[in-house]
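A.B. asks: Pasting a structure below so you can have a look.
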Amino acid sequence: ARVPAVSVMNIEGVREGHQSEGLRKYGADFPERHCFTLVFKGKRKNLDLAARCEEDARHWVQGLTKLMGRLQAMSQPEKLDQYPFWIHGVLQRADRNKDNKMSFREVKSMLRMINIDMDDVYAYKLFKECDRSGDERLEGRELEEFCRRLLRRPELEELFGRYSGEDRVLSAEELRDFLRDQGEDASLRQACAVIRTYELNEKARQQDLMMLDGFMMYLLSAAGDILNQEHTKVHQDMSQPLCHYFISSSHNTYLTRNQIGGTSSTEAYVRALMAGCRCVELDCWEGSDGEPIVYHGHTLTSKILFRDVIESIRDYAFKQSPYPVILSLENHCGLEQQATMARHMKAILGDMLLTQPLEGQDPHDLPSPEQLKGKVLVKGKKLPEPWHEPCGVTSLPDPEEEEEEEEEEEEKLQERSSRQVRDSPRAMVLGDHGVLAKDASQVAPELSAVVVYCQAVPFPGLPHALRHPRPCEMSSFSERKARKLIKQAG
């Protein structure tokens, strides 16, 4: 099949070997060293590729990685130098009949190629304004004018005019005044440095003057961002107890689309972790052949193996951040498969998995993110110690956690999912899962043993919790219950 052209700018990463769900499932016929995967930005699916030989695969991976690095290191002016070549390529692809003229249909195709989602009525209005010849085609200068209007920022033009005056040229002194008005402690020297970095016109740059395009380049660059660039790296004190921090968390992490009939994928975990997520959810259910599965129970979402999810977490947990990752287990498995889950986590995660309290840690305080760097924590139910039941299995009360966490969502899904399940050939399988869930109040000792600092418990009420704080215990609430507690005891 012919693969459409893609810009290197749209590639997020290159993975070597069988490092994607597609290649793990279907790549067995190709040697691992011949395979690699392109991961794209946004919601576009991965592209799995196999080369004729190991050397070809290595050249592709090294070449693409080098190009991506070069792009990342480019300054804004350097990127602009590449713009004419890039836009020319887009225009050529969008010009379907190759007449060097663009119909409105072809212009819409071009907008899609450069990821501009524009209202058709507004786009046609711009098109008509630029079509000086009135032949429903844009060519040459008309097309240039259309592209220029796409990039217009009237609010920045108005701001530029306010500071530059009638001559529409910003002197270093005027730029310094603008920077000071924004709260920056700017000097004339700093204003000149900004001009020399961002002004596109060489003559203006030599005279320490800034034109509108240079002003816009500066404001739309990282230096003009309201975000303090120092804050793109960790700048907070990370030595406080874990509960002192907001934790970037994900709900139903395994889903790639909707909550009822969407696709479950290990790729969803990879994307969440690479986006900086530190707490991912696994809805665990009984699977065939003794292997636990992850999916959105009682719906038609597809299923993935628990062990495959854990492998993906092992590979990507700490690529974006060194701080701990929490696995939030919503457990619907019987005792045997719970033990299997524990075995998989120990075998796959190895030393990453925290199975014992940190040595020398005050039991009245949670450890800090700094102390837990590189560690995976399991959130789930924990058996009381020592276990008193002869078989080593204790029935625990279901934490409100699960019912509270799901109640609002379940109300919305119940009618739709039950109707779909009832009419579906998979109804028997889903019904089996419903039966198996009766064991969820029991916890296997093996699974209990890997729960250390995130023990899920029913909420005992605020008065009790404040009198008897237990740092290792946690409860979950629906937004509705949280609002109720805030009203009662905010």
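Glycine residues also receive a Cβ, built from the backbone N, Cα and C atoms like all the rest.
So TrEMBL lists the following for this protein:
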COMPBIAS  398-412  compositional bias 'Acidic residues'
COMPBIAS  413-424  compositional bias 'Basic and acidic residues'
DOMAIN    1-69  domain 'PH'
DOMAIN    90-117  domain 'EF-hand'
DOMAIN    447-490  domain 'PI-PLC Y-box'
REGION    383-424  region 'Disordered'
A.B. asks: Do any residues, 6 or more residues outside the domain 'EF-hand' (90-117), come within under 8 Å Cβ-to-Cβ of it, and if so which ones?
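C.D. replies: Answer is 5, 123-124, 127, 136-139, 143, 146, 150.
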A.B. asks: Taking DSSP states H, G and I as helix and E and B as strand, how many residues of the domain 'PI-PLC Y-box' (447-490) are helix, strand and coil?
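C.D. replies: With helix first, then strand, then coil, the domain 'PI-PLC Y-box' (447-490) has 20 helix, 5 strand, 19 coil.
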A.B. asks: Determine the mean pLDDT over the domain 'PH' (1-69), rounding to the nearest whole number.
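C.D. replies: Reported value for the domain 'PH' (1-69) is a mean pLDDT of 87.
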